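Comments concern the structure below.
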């Protein structure tokens, strides 16, 4: 059809203006046809023109987006004035300035990690103690998961923010120790068990064997020389969930880099809190009912109103946590592997997004759950489903317990990712897939958090004076 | 600095996840170092990573833009309900359903164009009558410009929309006749004057000379065979301001194309009016003071609030007029040259924008003002300034008279384009220039129209019942 049409009308695309030579009298006299200034051609936006340069449209959308939000900020400022108050933020973490339950709990987490080294040393020494070791390790991990949950759920003095932080630290340590135990078992299985009494000697010889690695940075440690408290605590501090004996290290610690990341951390943290105080809270305050009692049109409007600031805060949080915080920590520890995220913004499916936005968690799930499951004969989709169900449990655990509300929205949202992704993959792909990922990113995960936050806020806004102190 | 840093930390960019082979026990036993899963590399958003694939960001901005405006529409709908009423639109064009002053005036414009053919025929016949011809032509053009201005300004029955339409038709005809006179003079200067009495013969012979053009579409007309009423009226109807003897023509008129363009015309026209009624008018109604009495913060908020819908309406108007209407008209007349606009959305300076968004006007100004001025020895910037001052006069004329308000905002805005463009060109360029063009497009021209519209509306909203009928 297009070809047929093209033949009929003799399309000639000339992006530059035809320049008739009308200012030359000689030309006019020689050939009056040169006075013409029209040639046959299609409009650029016509289907047949073949024109597809719309670079400016990107700038257009950015300009409109910025202007729209400048307007919204100004409108917000005119209506509410300046609500941002960094001092009030302290009350989110502390109810009583003389009781710091979250800090004590986080400090205690260090002790829960300590047994790991001794369990591993014991397993290294005593032959046939694998089953005892497994029991001890499971007990250690079980305590790491249940202790903070019970404490946060039962303690009245702890705030949701403090509780979330505590739970987060404990679950990170649990995941790290899981990796630590598994990697050390791989080494035990891979190297011959030492004869009793010669272990000291062999350990010495393995130290002698340690050599400079290919980058000439530092000496390589061999198993079992890694079973030291110092080595474990470096791993616990390092911005990764996967244990390995010799992490890539930098020679130097760049001070300018640390300062830049630190300034980003401070600034973005206050920006996030400012956006919450200035933009989200007044909107939540306006709608003082639980989600299920609101009329559907108003609910849609309400969700859309909160989705955008929520999404911005999520984006800032992403940069703040995965770029500023983790890079700052890595630089301080001279930790070389900075792959904390990949280009999830280009992901064209939900699964690709999940495998790119949080690389430490993705790598842990891939190395310690997905691949071992494949190795034990499960198929790809079973392994993938297990990974997502496990993530769903982690998310629900992290959110439900500090808020003391079990809604299971987060759990079902995460569990629905795999079937949803299968469906999407069959229907859409490429650029359209990327658009769908963005739509679900804007409306999905931040909204999940919002659903909890909204209900919590509605439940507590009259009872709890510290909330009122923070928000109004 | 970057090179130095790169050397220090041994950057290795691996966009794909490292896949440690942990599920193979043999590999573990052979080489325990393969249990590592970390390699030294920078974060993608770090300056040193060299990563620059942000394709997804375009989708992100489009998704956010759409969501923001879906939310705003919903909010608007909840607050105001459905305000759009196509029947009320008639009152914008007609005050009294039995008096159609704009229609009579537009019909009369056809008669004002008629003398052009006879003046040209007279000039062709009578030697040395150039000065008389010039007087007659000037009189004709002067009448075309002043008659509608006086009529629209004095008549009480005419609405601003009707007045604008009338003025627009008259000025288009005036520009077309200016081109018609000038092109015919070029031909007279270029071809030998016929001996008295032989003109009829020569005209016949030139008809015999007329031959099929290179596309084999139709016979080419030679001067003075073009001096016919039919030829003039084809030019007056054709979607161009520049006269030439033989316009590129299509062989066939594509009916499907016309129907598509016609549906677009109807739909987009109602969309524009709907947006005005639903989005702009309620906002204007809220601020019931003249611009100069509003507080500056509120004024900024007000301008930003109106800039976005204004800009959308301008964009729709652009597509409606330059793509749908002009293409539909061109297809009906089998007019071949569809270059009504170029890719102004990629323009990286204001001057480039002006030379791309309205090609009929640009071509006319270029062919009949800019190049003749250059030919008469004026320099580039003088000619350019003249062109912009002339455009400024046209715009002011088109807006001030139907609204019966002389504010000269439009005039100064247009006149400021050239010095502004010089300044911008020195400071910015390329992609940043394009962003500036978009910013001035969003905040500039539509706002100019708005300033007039606002003041007019404020002046008339109590007195004039037809406005109230339309808007509330």
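In case you wondered, yes, glycine gets a Cβ from its N, Cα and C as well.
Automatic, uncurated: that is what TrEMBL annotation is.
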Among the residue ranges B:360-380, B:381-401, I'd like the one that TrEMBL describes as transmembrane segment.
B:381-401
Where TrEMBL places transmembrane segment among the ranges B:25-46, B:157-178, B:179-200:
B:157-178
Can the transmembrane segment (B:98-119) be said to touch the transmembrane segment (B:157-178) if we require at least 3 CB pairs below 8 Å and skip pairs under 6 apart in sequence?
yes
At a threshold of under 8 Å on Cβ distances, which of B:131-151, B:157-178, B:302-322, B:381-401 pairs most often with the transmembrane segment (B:262-281)?
B:302-322
